[in-house]
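Asker: Residues or ranges marked as transmembrane segment in TrEMBL: 25-47, 67-88, 94-119, 237-262. If you look up TrEMBL, you'll see Cys157-Cys190, Cys158-Cys174 marked as disulfide bond.
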Amino acid sequence: MARRAAGGAGPRGDDFSFVSPVVKYVLFFFNMLFWMISMVMVAVGVYARLLKHAEAAMACLAVDPTILLVVVGVLTFLITFCGCVGSLRENICLLQAFSVCLTVVFLLQLAAGVLGFIFSDKARGKVSEIINGAIVHYRDDLDLQNLIDFGQKEFSCCGGVSYKDWSQNMYFNCTAANPSRERCSVPFSCCLRDADEAVINTMCGQGMQAMSYLEASAFIYTNGCIDKLVNWIHSNLFLLGGIALGLAVPQLVGILLAQILINQIRDQIKLQLYNQQHRADPWY
């Protein structure tokens, strides 16, 4: 008793815990939400992938939207699994893995944004390669086709640099040897829209590549999507900044909560060791 009094307050009771239930379960439900979202992403991506013909799917693997969906879904699943189980089981290893992975993802996003801004010309060239690759495989993948049509309609554009980029596609190629019925044409999504048109004319782009810019501009959008996309980015910097912030905040909150919980678990382990040592002390 004298030793306990000299040393100040004795060890805390067994019912005391440094681990905050608020931090623990907020982190758990935070990860659970994104874990469920990731499972839906993977399921949708795999289902869409299985519906495609094998040959066509392999031909356009690099520009397949479903591949991106599956990859992002799997990475999110793995990261949130570590956070979900780690917080629930108070496992330091899983929480550290979650925190490190989330930090790496955040830094990669930050680096991509900074490098894209600094090396805008190279980024533009990379975007051009992606769009040209998508044009080549336009008819091979229905998901890719719908994505391109949506982009061309929304941005009122056609092709990468100009509408004549569609000659890179084997069906729209403008050479005399091309037997396709769509020779020298462009997709209907390039056509100028008529508000009074009740039914979409899917053949409105027939023979447009054979016309000059001035002639074709009366029927289709002649400007490429790359310039339209760059102009849209410049006009919506605040919107893009808000989206980037909206993506960054949950990641930073997840990292912060994980680090707080790790420190609390370590303090709890120290407390348990301290209590065990003092139970064996005859003066306790």
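Each residue, glycine too, has its Cβ placed from N, Cα and C.
TrEMBL annotations: computationally assigned, not manually curated.
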Asker: Return only the integer: C-alpha distance in Å from Cys157 (disulfide bond) to Cys174 (disulfide bond).
Answerer: 19
Asker: Which one of these disulfide-bonded residues, Cys158, Cys174, Cys190, has the sparsest Cβ neighbourhood, judged by other Cβ atoms within 10 angstroms?
Answerer: Cys174
Asker: Can you count the other CB atoms that lie within 10 A of the CB of Cys157 (disulfide bond)?
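Answerer: Other Cβ atoms found within 10 Å: 24.
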Asker: What does the structure give for the C-alpha distance between Cys190 (disulfide bond) and Cys158 (disulfide bond)? Integer Å is fine.
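Answerer: That comes out at 5 Å between the alpha carbons.
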